């Protein structure tokens, strides 16, 4: 297995231009495909998850032109639903941001009735999709499971989504609601969506609603408990769509600045629509010095205090707090993160296991993790398992800010969202 060893880093300094956001990139491509008109999507992320969406759209008859560096994509909108070849099978890797929205969009009524299969990597077949399928079936969709009940692969017939009143469980993943919301305007009737349980990761729903607005569709949001969407609408291309820099990817660089120097990230700022921009607020609560601009966020070192906080609103960036916590002067507790368990891997178990390897004292619960700080000279050199999870690899690069090297196994797993991560991280590092 490939591995990379990061030598101890004495300080960090510099500016990082962030790659485009994964969440925004895949939403933008799907909305552009369904819209009337041509959309030029700029600052698109070049990564595995985006490639899976692009390959799927091509197979579904969407025409697009991708620039040589794969960051600009001109998409010719279909002005409505997909025309599906019968018995087409789409392989979506481990890309939840492709699997969930496409599951809903492919239920919409096509010109001719066809069946399509959605599948992916072995881990994708372990990631739940039951709540989305249940909600779509309530709205009249025709979906069946091909292997295990509640999980991909799926067979979908494009008979249409009728709309009406739909209840959806919001407690596992906000992507289920995102998928339903993005397809609802093309349903045959109006849709009223009621959320059962607590809706997780609300800021990701804000991203979805803002992007639907950019493509000409309004949704009535009643305190995240009920959403009303008019049916029989069309998305309208905004002609150009700029993808913001990835706020989740920003977290590793901002944390490095807070721990040991000063780092600025560009491509995201105080008006960002991404919830993970709030990661900088968490660093500030811990004591770091944060500066916000229109198009940048900067984090500067100060003494860091532990924190006890509900981080349900920033589940991806919360992982970065888990490794940052080792450099604080008191205990950190990250709460209400059950949905870590249904991500690329069971992140709660993985995080606790790997933190212990570097010498940390950790308590992992069903939906929380408690982490004790670790003096710089007590870190152990460990081989970090990444579980084919891009965020595990990136989070644990911060361990090199101690007096100890860290070895990351399978570093290429960052290709899911940030193929050049380790090159970029190296740029801000001053070695001993």
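Note that Cβ sites are derived from N, Cα and C of the backbone, with glycine treated the same way.
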Among 310, 316 - the residue Swiss-Prot places in the same 3-phosphoshikimate site as 22, 23, 27, 173, 174, 175, 201, 339, 343: 316
Neighbouring recorded positions, C-alpha within 10 angstroms of residue 175 (phosphoenolpyruvate binding site) - of 27, 201, 316, 339: 201
Candidate nearest residue 27 (3-phosphoshikimate binding site) in space, where candidates are the binding-site residues 347, 391, 416 and distance is Cα-Cα: 416
Assigned element (helix, strand, coil) containing residue 127 (phosphoenolpyruvate binding site), judged by DSSP: coil
Alpha-carbon spacing, residue 174 (3-phosphoshikimate binding site) to residue 96 (phosphoenolpyruvate binding site), which is rounded to whole Å: 11
Length of the line joining the Cα atoms of residue 416 (phosphoenolpyruvate binding site) and residue 316 (active site, proton acceptor), in Å: 14
